[in-house]
């Protein structure tokens, strides 16, 4: 009788094992943690239930699992699920299967549906036994993420090298400078660093949508489109207590200059530590880099994109208007249209069931607060293919994205209170669109993903298609819509400036050319090259000027001007050497170190004018990082960081910042103090690597005269014993 009684007593659980190590490795989350369960939707994970008095009996016991997420879990909204071992009549997209059944334990394989909401979950179990009470247990918490390894997930990415680059890689490069001098800036994304996953999920909870309706917000978190729009809005702080304050004017004394940042981790941790107060300051590459960190952490394949000569069209007519005075100086734009020397955004990989077939894949997302989208400062996701094809009516913000890569530019001469149209440039916006190569330090040019070859019939057809689609929305009628061109079409250069007539043959060619690299602290040496293409004598007056620029295209003060009178016989070429002394530009230089040199030429006794410009980004010497010895997990690693003051003057307030995911537990700041003119210095840093694999050290040196002397070193860390 005793034996029979034991067999039919209620099944009692004593402990559960979430098998965090095995599950996290299989779900590619071991970089985040081994101590807590972090799994991806659409993929099985196993847990073990240990029992007190006997094993599980399929005929006598019923085990029901319950998963809940959000503040008000609800079956109908998908934020609560009730399911049991396969074979039950409970209908749920969640799955539970017996993996092994032992004398006093049961190993169960669980699987979240590939469209489940991501976020924090609670896992509960109810055990019903024959002739026993119903026992309820809360097994614990886990985190559910998007799954680019699962073919049924909308963020599925087929290529394993791409998954490794766009989800797993925790460092990379962001391209800056200008189209003639493209500079890779190293960045520590650090999406798997300690507490970053919690910060990313807290960011979702702080969003406007979550504040208004937290239950609905959690229910919608299964959508990569929804998540990407929420994150795009939350990276900036224009509508909410987002992560970063943007600032494009000068003066960052009450915060950190955008160019000083080496990575996202310090920014996200500072935002979290202050209870969600925006961090000062960010610009486009910082917004994009932090968004890349958040999206990769959540499991959405993401990359950072730089567009050189990026249009910012404020009125939606696909034209960027630029205004110049008679010295060639660019003027503050009354329309606020600008061409950014470079602009940085993200691409995220996802299917788009909300769009016609064929528009999934890479989607543009821009966290930089430029214009509002449905009343909120966010941008995208806009299908990259839709941008290329001119399908500007498709969601979201595709028309604005199109203008960033393929707007036309019109230049205007302002004098005597009047405006004279000079040129329309069809190929000056959207150049060398760049991203880091897959598993390489090289740069990939992906311009062809965004538009057909400039000047080709296909490119012009897509431009006209986009224009025609925008006109019914009430945008101003675009001059290009008429059958006759409204003015001369030209590539940007030294062509003649006409009125509303076909472009006449080019009479004089002007070109600005550096004669040696432009380094901060040295004089800028360049030449104005002129060539008479006409069979007649030409007498020219050329006004030259130089002014500092912010990288978003905003003009600053003119600090150098000159006038040249040049006579040219037919087919004659002349070269005018020019020098801008360091002493003349040093006090006017913006933090972006961008200088615009322009030349406006006019022919004697003629209304023809010739406008050319050249953007120069002043170069800085790189920091050199030498790793001394082999890098092994758990063993002391020594490195030498060598840097120099590039100026012929003393600089103060020097601070060296060093970081690197898997190598340093936190960002290191070393006070250097004063550096004498042209002096070199070095510091020795010791650390203990705690993650194996390919790692990167990022370093930045700032002073009271410059903010962003940078360097990096790739380090391959071997596993410890």
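Numbers here mean position along the shown chain, with the first residue as 1.
Any Cβ shown, glycine's included, is placed from N, Cα and C.
TrEMBL annotations: computationally assigned, not manually curated.
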Segment assigned the feature region 'Disordered' in TrEMBL (from 402-436, 437-471, 472-506, 507-541): 472-506
Candidate nearest residue 454 (Ca(2+) binding site) in space, where candidates are the active-site residues 284, 343, 366 and distance is Cα-Cα: 343
Summary of DSSP states over the domain 'Transglutaminase-like' (276-369), given as helix, strand and coil counts: 15 helix, 40 strand, 39 coil
Candidate nearest residue 459 (Ca(2+) binding site) in space, where candidates are the active-site residues 284, 343, 366 and distance is Cα-Cα: 343
Greatest C-beta neighbour count within 10 angstroms, which of the recorded positions 366, 454, 459: 366
Distance [Cα-Cα, Å, rounded] between residue 343 (active site) and residue 284 (active site): 6
Extra residues within 8 Å (Cβ to Cβ centroid of 406, 408, 454, 459), Ca(2+): 407, 426, 427, 429, 430, 451, 455, 460, 463
